[in-house]
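Written out below as structure tokens is the structure these notes cover.
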Amino acid sequence: MSSEQLQDPVEPDKILSAVTQRGLRLESILTTHHHLDHAGGNLDLVTKCRKQGLEGLKVYGGDDRIGGLTDTVSHGYKXRLVATSTFIAWLHHRHTTGHICYLVTEENSTKEGAVFTGDTLFLGGCGRFFEGTAEQMFKALIEVLSKLPTTTKVYCGHEYTVKNLEFGLTVEPKNEALKHRLEAVKRLRASNQASVPGTIGEELATNPLMRVSEPDVLAHAKTTDPIKAMKTIREEKDRF
């Protein structure tokens with residue numbers, strides 16, 4: 001029986017049904033932050049697993065407000081998920097304090113890794129600054145996530161990509177890569193397919209919040225400071 005981990009499992013019944021159908025065994029939950037649309041299913045899932053005789057389900061997270069938390073992780077925490085996979089946790093105090101992104105990689109493999117970003121990085125955008133600042137978001141997006149290999153898969157917490165890319169064109173109306181990506185994502189959504197995952201490379205080419213050092217983005221924000229540009233552009237997105 002294969003062992004698997006979950007990311008922000010908010011619908012326990014659907015998850016358990018899928019796990020049973022596939023003959024899997026749950027070992028861990030990676031929780032990005034405490035908001036109920038991400039962590040709201042943790043306690044129910046842990047309880048139902050126990051009723052099925054599954055003890056020892058680990059719940060990772062960086063905030064004691066997370067339901068069912070068993071293992072608190074901090075920035076740079078590294079752990080093994082299953083026999084061949086590990087994860088590294090990055091703490092980002094900007095959407096909420098204690099928000100964690102998880103980079104999952106396979107050992108001794110040439111496959112691209114996957115980063116689970118919750119509400120820090122969306123495809124084409126980023127989360128609101130509920131408990132954090134533009135400086136903290138800059139560190140998360142530019143100093144950490146943008147340094148990942150461009151082929152790294154990005155799994156974010158919400159399907160906001162069309163709206164984000166439409167907003168992006170108000171910032172960079174001449175960005176051809178952005179125009180092409182928006183049309184491609186619209187086709188996916190029209191056929192009821194998800195836009196997630198994306199890649200770090202796509203974000204670097206089309207996400208204005210990851211392009212705050214680009215001349216056109218700085219000019220749009222009327223500043224030469226990338227952090228001020230990030231603050232201005234996120235505030236514009238709030239009103240979009």
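Using N, Cα and C of the backbone, Cβ positions are placed for all residues, glycine too.
What Swiss-Prot annotates here:
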BINDING   H33, H35, H95, D119  Zn(2+) 1 binding site
BINDING   D37, H38, D119, H158  Zn(2+) 2 binding site
BINDING   R128, H158, E159, Y160, R234, E235, E236, K237  substrate binding site
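Counting every protein chain shown, 25 other Cβ atoms lie within 10 Å of the Cβ of D119 (Zn(2+) 1 binding site). When the binding-site residues H35, H38, D119 are ranked by how far their Cα is from the Cα of E159 (substrate binding site), D119 comes first.
One residue stands out among the binding-site residues H33, H38 for having the most other Cβ atoms within 10 Å of its Cβ: H33. Separation of the C-alpha atoms of Y160 (substrate binding site) and H35 (Zn(2+) 1 binding site): 17 Å, rounded to the nearest whole number. Proximity of R234 (substrate binding site) to non-local residues of its own chain (separation of 6 or more, Cβ distance below 8 Å) is seen for C126, R128, F129, A134, M137, L209, given in sequence order. A sphere of 10 angstroms centred on the C-beta of E159 (substrate binding site) encloses 14 other C-beta atoms. Excluding the listed site residues D37, H38, D119, H158, the same chain places D8, T32, H33, H35, G118, G127, G157 with Cβ atoms within 8 Å of the centre of the Zn(2+) 2 site Cβ atoms.
Per the record's binding annotation for substrate, residues R128, H158, E159, Y160, R234, E235, E236, K237 show a top Cα-Cα distance of 20 Å.
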